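**Student:** Structure below; questions to follow.
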Amino acid sequence: MALSTHITVEVPTSGPCTRCSNSQALMNLLKGTAGTGILSLPTAFKNVGLWAGLALFLIVGMLTVHCMLMLNSCCHLLEKRSSKSILTYVDAVELNFQYGPKSLQKSAAIMKTITSVSISIMQCSFCCVYIVWVAVNVKEILDNYWSNSQSLRVYEIAVFLILLPYIMVKSLKTLAFFSTVANLAYLIGLIIIFQSLFQGLPDSTERAAFSSWSTLPLFFGTSMFAFESICLTISVRRFYGYLKFGEDTATTITLNLPQNNWLYTSVTILFVVAMILSVGIQFYVPISIIWPAVKKQMTSNQIEKFGRVAQCFTRAVLLTLIFAVSVLVPHLDYLMVFIGSFFGSVLSLILPALMELMTLSVEGQLTVTTAIKDAAIIIFGMLILVFGTVESLKNIITF
């Protein structure tokens with residue numbers, strides 16, 4: 001079982017359970033795990049330096065993968081102990097506390113709520129990043145061909161209006177089609193970007209091996225954001241963006257591509273399409289948590305009469321809130337750092353390590369080595385949480 005914050009099995013609130021096929025689930029999972037992080041990693045390397053960035057990124061990557069495997073191992077033990085199936089991250093956290101040390105069992109409900117809220121906010125934050133990313137890149141394209149440039153807010157409003165009908169799609173089977181299109185656009189775009197990056201690469205000695213301690217938290221925040229949204233195999237190659245452009249590396253690599261060139265303009269358009277279509281699967285996660293909570297406040301008669309309208313209204317309100325945050329925080333790089341530092345560190349590092357400590361201690365399998373290792377991961381996650389969040393908020397407020 002590969003547990004993730006991304007949901008790939010559709011469980012409707014009424015009627016028979018509808019499941020995606022394996023291929024549809026794969027398309028949704030790929031699209032749910034491939035996002036703007038992959039295009040913004042070069043700026044993470046700029047914050048820490050070429051070789052330091054590569055080494056630290058590999059360490060963060062291996063640590064994140066280790067925590068994922070650790071989490072799944074804990075889930076197997078919890079399922080045996082509780083005789084219950086674990087389908088989501090929220091289920092895992094709740095059962096971990098329910099069947100954990102007696103002193104912490106009463107915390108199961110509050111930890112379930114905290115995890116649900118964290119995942120919902122994180123997924124909504126991904127949607128915020130997508131809106132800003134699309135608006136910034138569309139503006140960049142049109143500014144090259146249209147002298148009467150509009151403000152970024154105009155493009156963000158346009159993206160919001162495009163997304164409003166799209167987020168009304170409720171079926172994962174339908175979203176799988178859009179995810180497939182997005183994955184193809186993403187793949188083609190990456191191939192073209194790679195051929196651009198590998199042309200005229202400077203010598204690696206022209207780039208700083210290590211940049212600055214002061215920007216180190218920004219690197220970790222962006223890296224955690226990337227590992228919340230991409231797989232390791234693709235990620236480790238992104239240092240070529242910084243090698244190619246050095247201190248001129250932009251917030252997203254698409255902004256560094258040659259302008260007034262239709263090939264590279266088409267790449268940006270492909271990614272714009274991919275990002276817009278990505279919102280559907282990212283939006284599915286928070287709405288699958290929020291809508292049932294809203295539905296509980298309605299009577300059966302109200303659900304029968306106004307259920308569909310209420311759900312559409314809930315979706316529209318949630319997208320409006322996401323759009324409002326996008327307008328208030330248009331700084332793409334610092335927004336990603338904040339998401340990665342705050343939510344990525346908690347969900348990807350701190351909680352899995354804490355769960356292993358609790359699960360193994362109850363099972364009587366906790367060794368001194370494992371306890372030290374998990375404590376070190378928790379401390380590392382807390383450092384990223386504190387310093388990355390503070391640094392990103394400081395930059396967001398300053399700009």
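Quick reminder: no glycine exception, Cβ is built from N, Cα and C everywhere.
So TrEMBL lists these for the protein:
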type: DOMAIN; residues: 21-236; note: domain 'Amino acid transporter transmembrane'
type: DOMAIN; residues: 239-391; note: domain 'Amino acid transporter transmembrane'
type: TRANSMEM; residues: 48-71; note: transmembrane segment
type: TRANSMEM; residues: 109-132; note: transmembrane segment
type: TRANSMEM; residues: 152-169; note: transmembrane segment
type: TRANSMEM; residues: 176-198; note: transmembrane segment
type: TRANSMEM; residues: 218-240; note: transmembrane segment
type: TRANSMEM; residues: 261-294; note: transmembrane segment
type: TRANSMEM; residues: 306-328; note: transmembrane segment
type: TRANSMEM; residues: 335-355; note: transmembrane segment
type: TRANSMEM; residues: 375-393; note: transmembrane segment
**Student:** Spell out yes or no: are there three or more C-beta pairs under 8 angstroms between the transmembrane segment (109-132) and the transmembrane segment (176-198), with each pair 6 or more apart in sequence?
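**Tutor:** In this chain the transmembrane segment (109-132) does not contact the transmembrane segment (176-198) - fewer than 3 Cβ pairs sit under 8 Å.
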**Student:** Sort out for me which stretch, of 152-169, 176-198, 261-294, 306-328, 335-355, has the most Cβ pairs below 8 angstroms to the transmembrane segment (48-71).
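**Tutor:** Stretch with maximum Cβ contacts: 335-355.
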**Student:** Under 8 Å, at least three CB pairs between the transmembrane segment (261-294) and the transmembrane segment (375-393) (pairs 6 or more apart)?
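**Tutor:** Between the transmembrane segment (261-294) and the transmembrane segment (375-393), contact is absent.
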**Student:** At least three Cβ pairs under 8 Å linking the transmembrane segment (152-169) and the transmembrane segment (335-355), pairs spaced 6 or more in sequence?
**Tutor:** no
